[in-house]
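Structure record follows, encoded as structure tokens.
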Amino acid sequence: MAFTAISLFLAALGVINTAFAQSAVIGPVTDLDIINAEVNLDGFPRQAVLAGGTFPGPLIKGNKGDNFRINVHDFLYNETMDVTTTIHWHGIFQRHTNWADGPAFVTQCPIAPGNSFLYNFTVPNQAGTFWYHSHEGLQYCDGLRGPFVVYDPEDPHRDLYDVDDESTVITLADWYHEAASLIVPPADPDSVLINGRGRQANDTTSPLAVINVEYGKRYRIRLISVSCDPYFNFTIDGHNFTIIEADGENTDPLPGVDQIQIFAAQRYSFILDANQPIDNYWIRVIPEQVGANGTAATPPGLAVLHYLGAPPFDPKANASQVPISVNPLLEQNLHALGATGVPDLDPSCAECNITLDFTFNTPLFFVNGVTYKSPTVPVLLQILNGSFTAQDLMPEGSVYTLPRNKTIQINMPGGVLGIPHPLHLHGHSFSVIRSANSDETNLYNPVRRDTVSIGTNGSFVAIRFTTDNPGPWFLHCHIDFHLAAGFAVVMAEDPMDVPGYVKPIPPAWDKLCPIYDALPANEQILQPEAANLSTYPQK
């Protein structure tokens with residue numbers, strides 16, 4: 001992304017560009033070119049992998065019930081990063097279209113350079129805030145990530161806000177100055193980007209994102225963490241929030257929140273009431289990322305909330321000040337809108353109550369004693385070829401088969417490495433019946449979402465969902481460096497019914513694997529050197 005000379009000049013004077021342009025808006029039927037290009041997002045130029053040529057990628061939007069037809073074209077060539085690609089539409093259930101879910105070697109083979117693949121899926125019963133990203137190797141850390149919003153013309157919260165459009169979408173990202181495959185974890189980002197703009201350490205001139213508001217109006221802000229690693233504490237000076245959505249699921253309005261802790265891949269919608277004196281206010285994003293030497297290694301992310309009529313200058317408040325929260329968002333205080341209780345477990349179903357024990361043994365993560373290694377044949381293709389049991393499905397020990405139309409509970413103790421990990425389940429949202437920072441179980445009205453932090457030492461998280469969507473669904477840590485080190489399993493839901501449920505599978509899907517397998521080794525997915533995964537500090 002190039003900035004004009006006048007933008008840089010104004011930034012040097014502490015002048016904000018109130019005409020800040022949002023990324024392009026496309027969809028629901030569109031082409032999406034995946035390219036290599038140089039970007040300068042924080043004062044440091046580097047080559048990146050970009051969707052639509054921008055970071056973040058263009059906002060893909062549609063309405064509840066729409067058919068999305070997104071034709072992804074792979075124009076990648078820079079072999080310091082992956083040149084094959086896949087796209088995951090994070091939070092979309094993909095009912096009957098598991099083949100379009102995106103994770104490499106779970107539901108498809110990667111798209112080879114010079115080739116295209118049409119992702120064709122509908123969202124009949126979903127609306128909310130989602131995102132999309134590469135789901136192979138560490139590619140999304142190199143730039144392939146963007147927002148995805150499904151609007152609901154009959155939104156039950158519609159009377160709470162006046163504005164909800166592309167100008168109210170905020171993405172939070174970590175950014176690195178070298179290719180992800182070369183980074184040695186724990187990965188200290190060089191900067192935090194808000195809507196694709198930020199400043200590296202000691203930089204005071206790179207342009208910042210500006211969110212424009214008008215006094216007296218109410219805005220639905222859609223906050224998306226497209227983070228590859230750290231979680232963030234998000235605040236806006238002088239303003240509180242009313243939370244109305246978590247991960248594409250409506251919540252009872254929760255007012256008075258002054259800080260949102262948001263983990264990689266999570267999303268929140270909140271109402272911002274522009275009721276403060278006309279001025280400019282800092283939007284602050286503090287990364288919870290501690291370097292290997294035990295000191296904070298990444299500068300805070302900054303953007304500007306600009307009221308119409310305020311002078312075009314930086315906010316007067318100290319930009320380096322760390323806000324003190326009085327009423328931070330706590331997950332257990334969120335409740336699903338219209339909740340009617342959580343289904344009971346079937347005591348006769350042994351495979352319906354699963355405990356996943358997470359451990360780390362340099363350089364790999366293990367789930368119940370097994371580290372995830374991608375198979376050479378996608379799990380979906382294995383099922384379509386007649387493998388239906390956990391014993392038959394690869395990778396060995398990492399596939400759990402689940403019966404259909406059952407309530408499943410997954411129990412996840414926290415504390416591995418002493419840090420919180422965001423766990424994401426594909427194909428479903430789930431009820432968080434016990435949150436990481438709570439010792440209470442809520443079976444009446446827990447929040448529903450698709451990505452949950454399992455917390456630190458002593459935490460215990462439990463989730464429940466119903467197996468009403470046959471297919472192999474990835475469950476993994478959304479810290480991408482941890483996924484690359486084996487922090488994942490596959491939940492194979494009702495494998496025997498998958499061939500009849502997941503259809504029609506397009507002929508182009510069948511061609512992905514032969515084309516990928518014919519690629520030379522240097523064009524297949526880059527694997528981080530084992531040494532790059534061996535330096536996580538035990539805390």
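Any Cβ shown, glycine's included, is placed from N, Cα and C.
As recorded in Swiss-Prot, the features of this protein are as follows:
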type     : residues               : note
DOMAIN   : 37-154                 : domain 'Plastocyanin-like 1'
CARBOHYD : Asn78                  : N-linked glycosylation site
BINDING  : His90, His133, His478  : Cu cation 2 binding site
CARBOHYD : Asn120                 : N-linked glycosylation site
BINDING  : His135, His426, His476 : Cu cation 3 binding site
DOMAIN   : 166-309                : domain 'Plastocyanin-like 2'
CARBOHYD : Asn202                 : N-linked glycosylation site
CARBOHYD : Asn233                 : N-linked glycosylation site
CARBOHYD : Asn240                 : N-linked glycosylation site
CARBOHYD : Asn293                 : N-linked glycosylation site
CARBOHYD : Asn318                 : N-linked glycosylation site
CARBOHYD : Asn353                 : N-linked glycosylation site
DOMAIN   : 374-495                : domain 'Plastocyanin-like 3'
CARBOHYD : Asn385                 : N-linked glycosylation site
CARBOHYD : Asn405                 : N-linked glycosylation site
CARBOHYD : Asn457                 : N-linked glycosylation site
CARBOHYD : Asn532                 : N-linked glycosylation site
## Note on the structure
Same-chain residues at least 6 apart in sequence with Cβ under 8 Å of the Cβ of Asn353 (N-linked glycosylation site), in sequence order, are Leu345, Ile408, Gln409, Asn411
## Note on the structure
Long-range Cβ list for His133 (Cu cation 2 binding site), cut-off under 8 Å, min separation 6+ in sequence, same chain only, gives Ile87, His88, His90, Tyr140, Leu144, Arg145, Gly146, Val226
### Query
Counting Cβ atoms within 10 Å across all protein chains shown, which of the glycosylation sites Asn78, Asn202, Asn240, Asn457 comes out on top?
Asn240
### Query
What's the CA-CA gap between His135 (Cu cation 3 binding site) and His478 (Cu cation 2 binding site) in angstrom, rounded?
11
### Residue among binding-site residues His426, His476, His478 with Cα closest to the Cα of Asn202 (N-linked glycosylation site)
His478
## Note on the structure
The recorded positions listed are Asn78, Asn318, Asn385, Asn457, His478; by CA-CA distance, the one closest to His426 (Cu cation 3 binding site) is His478
### Query
Does anything in the same chain, at least 6 positions from His478 (Cu cation 2 binding site), have a Cβ under 8 Å from its Cβ, and if so what?
Phe263, Ala264, Ala265, Pro422, Leu423, His424, Thr451
### Message
Using DSSP, what is the helix/strand/coil residue split across the domain 'Plastocyanin-like 3' (374-495)?
### Response
15 helix, 46 strand, 61 coil
### Query
Within 8 Å of the Cβ centre of His90, His133, His478, which other residues of the chain have their Cβ, at the recorded Cu cation 2 site?
His88, Trp131, Tyr132, His135, Tyr140, Arg145, Val226, Ala264, Ala265, His424, Thr451
### Message
Around the C-beta of Asn233 (N-linked glycosylation site), how many further C-beta atoms are within 10 angstroms, looking at every protein chain?
### Response
19
